[in-house]
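Lifted from Swiss-Prot, the feature list:
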BINDING   3, 4, 5, 6, 7, 8, 9, 10, 11, 12, 13, 14  NAD(+) binding site
MOD_RES   269  N6-acetyllysine
């Protein structure tokens, strides 16, 4: 089996690429970073530090790389059995034209063996969004062929991969936590279902997408925002602060009550899942900076994301949300000189005031009780 993976960054190498290569799949990375491409093609291997209770070093081997903006990547799409991505939500649209060209070439070459494409991004139904971009880039006469022969498979991914603090300055070395979860929608595949250790198949993907978004992502973001306000440097430092931990755990329990109501998750199992996530945040080997985790606050405060979406669920089911409100207020305070969204957020609040600014970013009603609660919490944090 041959696979092409877009994105040779830390998540690409440390998570999805590693699982594919470990499964014995012939793997090629596609990226724009020439330093990383050259290193992968010179060595055909790299090291992954897997850290949890203990630390182990795994070697991923038998890999190569191509530029994601040249002809090589188009040729590969015409040949491979699987395409995966870990490029970030914004970049999906940029890689779509190359994928479309590759699919046209595949059709022209008469390659009718099934191809499955899986976007492994921190977003809800990312592959469906990628499919939209690809379809827009395809000529009309190729669309029906693509619908017949290409599966666009949505997935939920979960593994904390902080920027590498490698002492060796090796561009390929990466550190990841022991925990990993890659859940894919088995109803969307073309051809036989793949058997890849570490990839779980489900016919109820949205339950798992929201479980991860409402728990890991919600908890991670709130830890970062409250941690930064309290002067902590890392996620571990922040979650070991009892005041912050109480709010983070409370917020995950509030969002969890929505999940239990919506999808019928077992309450005891979900409580254990929350405990596991708190333990992951405490991992002493992961030097995960609160500023990195908190960046892009406008996206994280949008209606479909990790803070507002669970809040909307609590309103739908008339459930408590006081800790989620604390997290939203913390996000409104996020300031970073390195993050354009943080600067835009600050300017918006300065210009319109917190009430109108939050309503604009989140699509919540400016005159609603929840916006009023969030503004009160925001002002109390000043």
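Cβ coordinates are placed from backbone N, Cα and C, and glycine is handled just like the others.
These figures come from a predicted structure and were not determined experimentally.
Positions of the features from Swiss-Prot, shown on the structure.
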| residue | record | contacts (Cβ under 8 Å, 6+ apart) |
| --- | --- | --- |
| 3 | NAD(+) binding site | 20, 25, 26, 27, 28, 80, 81, 82, 83, 84 |
| 5 | NAD(+) binding site | 12, 16, 17, 20, 27, 28, 29, 30, 83, 84, 85, 86 |
| 7 | NAD(+) binding site | 29, 30, 31, 85, 86, 87, 88, 91 |
| 9 | NAD(+) binding site | 31, 33, 36, 86, 87 |
| 11 | NAD(+) binding site | 86, 120, 157, 159, 161 |
| 13 | NAD(+) binding site | 29, 46, 48, 60, 172, 174 |
| 269 | N6-acetyllysine | none |
For residue 7 (NAD(+) binding site), the three-state class that DSSP assigns: coil
